[in-house]
Amino acid sequence: MIRHITLTEEMRAALRKPVEAHKYGHGHALVLAGGVGHGGAARLAARAALRVGAGLVTLLPPQAAVSENAAQLTAVMLAALPDGYSLRGKLQDPRLNALLLGPGLGLPRAQEMVPAALWAKRATVLDADALSAFAAEPGQLFAQLHENVVLTPHLGEFARLFPDLAKALAAGVLTRVEATRAAADRAGCTVLLKGAETAIAAPSGEAALHLATGARAAPWLATAGAGDVLAGILTGLLARGFSAYEAACTGAWLHVEAARSFGPGLIAEDLPDELPKVFRAILL
């Protein structure tokens, strides 16, 4: 059975924050960033994680890129992260409960950081470079994944990790949901295959489809950085305590709703700042 993602009372209830809660009760998300000149994608994601309700968000670039990022951040915290060993040490703190790796990270840094992140068994989103870094040996990545991980490939990244499934999808042998469900089973984690028809599947076999078509079309999402914002939204929801599968389903809906709320002329920077308007419409 395929779930068609729409706004439900259960989703509204999950998105509401308890009146008595404090920032530490809403999680602390870490967003890893790349080197000098490559921090924009991670900053977009970090802002989205904060806007969707994570209590704290810290951006982690290498030392050389700290000043560049500091000039463009206020509410998002910032700390240097030189290597994978340092990430393992940082993750000794149990309050750091969600991670995002991929946007603007760079392939060599992704190859070093992803194993350190997955070792800690935290809720984790892997996107962009964190997926492409393992294109030559997808099995090496799959062996490290766990049920609290969400992979967020577009079709090209999906083909690098699951070439046989991508071929079957292109040939019409598998539907998007069937291909995504098979990918989730193989990877052992939730997979979100991005597109106007976003397919989501969990390793349990649960599957969902979000249609940004017809009345919910949002063609303005075809813009640089929109996927980074989606990854940040998912990470913020994970920090808040959503399961990997529910974070993917809820995040896909919020991402499109923010784009529809803003309308034509949208650029990626607009998406995080449109989320409060979406929340006012559905929660108040």
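Please read every residue number as a count from 1 along the shown chain.
Keep in mind that glycine also has a Cβ here, set from the backbone N, Cα and C atoms.
Just so you know, TrEMBL annotations are computer predictions that nobody has curated.
Record features, source TrEMBL:
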type	residues	note
BINDING	Ala41, Gly104, His154, Asp228	(6S)-NADPHX binding site
BINDING	Lys194, Gly195, Ala196, Glu197, Thr198, Gly227	AMP binding site
DOMAIN	6-282	domain 'YjeF C-terminal'
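Within 10 Å of the C-beta atom of Asp228 ((6S)-NADPHX binding site) sit 28 other C-beta atoms, taking all shown protein chains into account.
Long-range C-beta contacts of Gly104 ((6S)-NADPHX binding site), restricted to its own chain and to partners at least six residues apart, with a cutoff below 8 Å, comprise Ala33, Gly34, His38, Gly39, Gly40, Ala41, Ala42, Ala128, Asp129, Asp228. Taken residue by residue with DSSP, Gly227 (AMP binding site) is part of a helix. Within 10 Å of the Cβ of Ala41 ((6S)-NADPHX binding site) there are 26 other Cβ atoms, across all protein chains. Least packed by the Cβ count within 10 Å, out of the binding-site residues His154, Lys194, is His154. Its own atom aside, the Cβ of Thr198 (AMP binding site) has 25 Cβ atoms within 10 angstroms in the protein chains shown. Each of the binding-site residues Gly195, Gly227 was scored by how many other Cβ atoms lie within 10 Å of its Cβ, and the smallest score goes to Gly195. Geometry remark: Glu197 (AMP binding site) versus His154 ((6S)-NADPHX binding site), CA distance 11 Å. The record gives Ala41, Gly104, His154, Asp228 for (6S)-NADPHX. Within 8 Å of the mean position of their Cβ atoms, the other Cβ atoms in that chain belong to Leu44, Ala45, Gly102, Pro103, Asp127, Ala128, Gly225, Gly227, Ala231. Using a 10 Å Cβ-Cβ cutoff, Glu197 (AMP binding site) registers 14 neighbours.
Within 8 Å of the centroid of the Cβ atoms of Lys194, Gly195, Ala196, Glu197, Thr198, Gly227, where the record puts AMP, the same chain has further Cβ atoms from His154, Leu193, Ala199, His210, Ala212.
When secondary structure is read from DSSP and collapsed to three states, His154 ((6S)-NADPHX binding site) falls in the coil class. Of all the Cβ atoms in the protein chains shown, 15 others lie within 10 Å of the Cβ of Ala196 (AMP binding site). Summarised as a single figure, the pLDDT of the domain 'YjeF C-terminal' (6-282) averages 98.
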